[in-house]
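J.: Can you keep this structure in mind? I'll have questions shortly.
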Amino acid sequence: MKTLYSLRRFYHVETLFNGTLALAGRDQETTGFAWWAGNARLINLSGKLLGAHVAHAGLIVFWAGAMNLFEVAHFVPEKPMYEQGLILLPHLATLGWGVGPGGEVIDTFPYFVSGVLHLISSAVLGFGGIYHALLGPETLEESFPFFGYVWKDRNKMTTILGIHLILLGVGAFLLVFKALYFGGVYDTWAPGGGDVRKITNLTLSPSVIFGYLLKSPFGGEGWIVSVDDLEDIIEGHVWLGSICIFGGIWHILTKPFAWARRALVWSGEAYLSYSLAALSVCGFIACCFVWFNNTAYPSEFYGPTGPEASQAQAFTFLVRDQRLGANVGSAQGPTGLGKYLMRSPTGEVIFGGETMRFWDLRAPWLEPLRGPNGLDLSRLKKDIQPWQERRSAEYMTHAPLGSLNSVGGVATEINAVNYVSPRSWLSTSHFVLGFFLFVGHLWHAGRARAAAAGFEKGIDRDFEPVLSMTPLN
């Protein structure tokens, strides 16, 4: 009975809808998958599957290089990046390349170099993909056992997982080294309106870094998305890189424990579903980060966040009316609350009016005007700098609102420009992609579990109703 049970539980079934599984060939008869099922035809052809993945990487890197050069070719240094529909150059600028004080672009050559390097890399990957798809061995197990695998070989699968984790850890440390040793990164909080600087005082305190994970995801807490300190971002990459590398070594050296062998499904489609779930989580987190966070995604490059644009409008009109003689500390608005300033429920002085709901915004142009109890009235009267006025006026008219068909801005704002914020594009696209990846996870997880349990859902293609219907023409 024991043998029967373990066979039933772990018997290796790839989810084919018909046909038998054969090694040779990539057609429907030998694999059970039609041409449009793509890589499913290559489930047991490790060499060809390698070709497909390398070619896919080549396409990704080619897009990055081509789009990078396209943005460089269209870039106008006199306009902010976020007014030009750029999504790649802001990332390069955030890494400290080509920018100076205040986020001003002083050199576009690093951006050109980045584009060319990606194009060259994509050519190498493209060649490798075509080679392995067309010329290389169909399977790697015989000639290159280190790179070969069988999907149900749990030990080999966790070894591959370990290698991937180490590579991810190395990637995290690349950012750390850039910030510490290779020119630094752009810090929007640098005094006077942001600058590129090297990170000098990493505290590495686990209570600080992992404290973010324990925060509530709502309101003034904001979970990990609330990070507003460049040191903490780089420290986080030190911790995460270390965990990934040590976890990778652990998975290479160990075999899966009994509980893991029992709990997980060990098939190619199951691993696909796990990967899709992980990518989905990454997409949703990236969506929240680019929408709310103005430290990892500086507003100088990505435009203001929604709360930031709203608070900037309140600040701009406070500055204007104060110059015209208004007493901003006591003026009443139409609701009886303060017109310019009011108190939050916990007693801080905050901007009044509709923007009161964004009272917990932190932004580099605003923080110098705060005291121990919120906005400081004496600083608002005496200490406002011209750069703060300029920046808030700019952010006020560039709210990340509007539809993705380029009719942007606040509908009632007479000074609005035809503009859609990169934050709108990046957060929307990552939410949508994260959602579709999650649906893909559910789909492939369901199929993988059904196959592992010994039954499969689906139509037998030999008897599809469509085969007996009159052709459309």
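Cβ atoms are placed via backbone N, Cα and C, with glycine included.
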J.: For which of the residue intervals 291-312, 335-356 does Swiss-Prot record transmembrane segment?
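T.: Going through 291-312, 335-356 one by one, Swiss-Prot flags 291-312 as transmembrane segment.
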J.: Identify the transmembrane segment range according to Swiss-Prot, selecting from 134-155, 376-397.
T.: 134-155
J.: From the ranges 108-128, 234-254, 255-275, 423-443, grab the one Swiss-Prot calls transmembrane segment.
T.: 255-275
J.: Which one of 17-39, 178-200 shows up in Swiss-Prot as transmembrane segment?
T.: 178-200
J.: So which of 134-155, 255-275, 291-312 is most in touch with the transmembrane segment (178-200), counting Cβ pairs under 8 Å?
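T.: Result: 291-312.
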J.: When you measure from the Cβ of E367 ([CaMn4O5] cluster binding site), which residues in the chain that are at least 6 apart have a Cβ under 8 Å away?
T.: W189
